[in-house]
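Working notes for the structure below.
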Amino acid sequence: MTQLVTGDEQRAIETYTMDEVGLGQAVLTERAAMATMNVLAAGNYDLSKVLVLAGLGNNGSDGVALARLLHQAKIPVTLQFVGNVKRANDNVKAQLKAAEACGVERAEKSDFKEPSLIIDAIFGTGLNADLPDGLQKMVKAANHIDNTVVALDIPTGIDATSGEIRGAVLKASTTIAFGFQKVGTSRGAGKKNSGRIIVQDIGLITPENFTFSIK
Ligand SMILES: NC(=O)C1=CN([C@@H]2O[C@H](COP(=O)(O)OP(=O)(O)OC[C@H]3O[C@@H](n4cnc5c(N)ncnc54)[C@H](O)[C@@H]3O)[C@@H](O)[C@H]2O)[C@H](O)CC1
Ligand SMILES: [K+]
């Protein structure tokens, strides 16, 4: 039985790994991107034209790092930010610098019918309110198109703990859970919209006396 975690528990373990143990943010982000590469390489995903949708937080930084790795593996990939990249956090900006240094192609807007695979790196465990209206419209439009979506950590729009939909949810056929499966993807709408859950180790270190709320 896989250990399930709440959003807060995941954040606590990530923070301990980064701040106490000292494995930096970039290490965990790289491990998340590499773990996703392994899943994409091992599964029967059509990688002929990949679109990475990246948000402005650390879920987005996972997506930007993944776009770099896909590009370096000669897989056709385009990176599209959802939101104003000027407002992105420092990790996203650092990842974007590396992605641009190796020539990753950017898109402002995409026709969701085009890509053979969409990577959802918009929101992860940090979602704390309903999606902005514009994004809700985009997500609902994307859901009506027959495409394959792989969600990083959790489908955008799903609350990591309650599993509720925050306005709209980008339906995934696969969700790659970093470290632990979030309890929100194991119940209710979260379960319905996550598709196949694949848990991938990204080197998180759980504090010795950590007690999980979900037994
Ligand atoms: N924390 C780590 O070391 C690692 C995290 N990983 C990945 O990062 C996400 C969690 O990242 P976080 O920055 O906490 O949040 P998100 O990227 O999910 O959200 C971005 C940002 O957006 C703001 N926000 C939240 N809700 C809304 C909303 N409804 N409208 C607008 N803006 C919103 C809020 O400020 C958030 O911070 C985790 O899922 C992992 O994918 C790495 O994998 C490993 C290291
Ligand atoms: K996501």
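Cβ atoms are placed via backbone N, Cα and C, with glycine included.
The feature (6S)-NADPHX binding site is assigned by TrEMBL to Asn58, Asn59, Gly60, Ser61, Asp62, Gly124, Thr125, Gly126, Leu127, Asn128, Ala129, Asp130, Asp153. In this view, Gly60 ((6S)-NADPHX binding site) is surrounded by 31 other Cβ atoms within 10 Å of its Cβ, with every protein chain counted.
Look at Thr156 (K(+) binding site): DSSP puts it in coil. Within 10 Å of the C-beta of Thr156 (K(+) binding site) we count 30 further C-beta atoms, all protein chains included. The K(+) binding site annotation in TrEMBL covers Asn59, Asp120, Thr156.
Feature annotation from TrEMBL assigns domain 'YjeF N-terminal' to 10-210.
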If you measure Asn58 ((6S)-NADPHX binding site) to Asp120 (K(+) binding site) at Cα, how many Å is it? 12
Which binding-site residues among Asn59, Asp120, Thr125, Ala129, Asp153 have CB under 6 Å of ligand 1? Asn59, Thr125, Ala129, Asp153
Specify the count of other C-beta atoms within 10 Å of the C-beta of Ala129 ((6S)-NADPHX binding site). 8
C-alpha of Gly60 ((6S)-NADPHX binding site) to C-alpha of Thr156 (K(+) binding site): distance in Å? 11
Going by DSSP, give the three-state secondary structure for Thr125 ((6S)-NADPHX binding site). coil
Which binding-site residues of Asn59, Asp62, Asp120, Thr156 contact ligand 2 in the sense of C-beta under 6 Å? Asn59, Asp120, Thr156
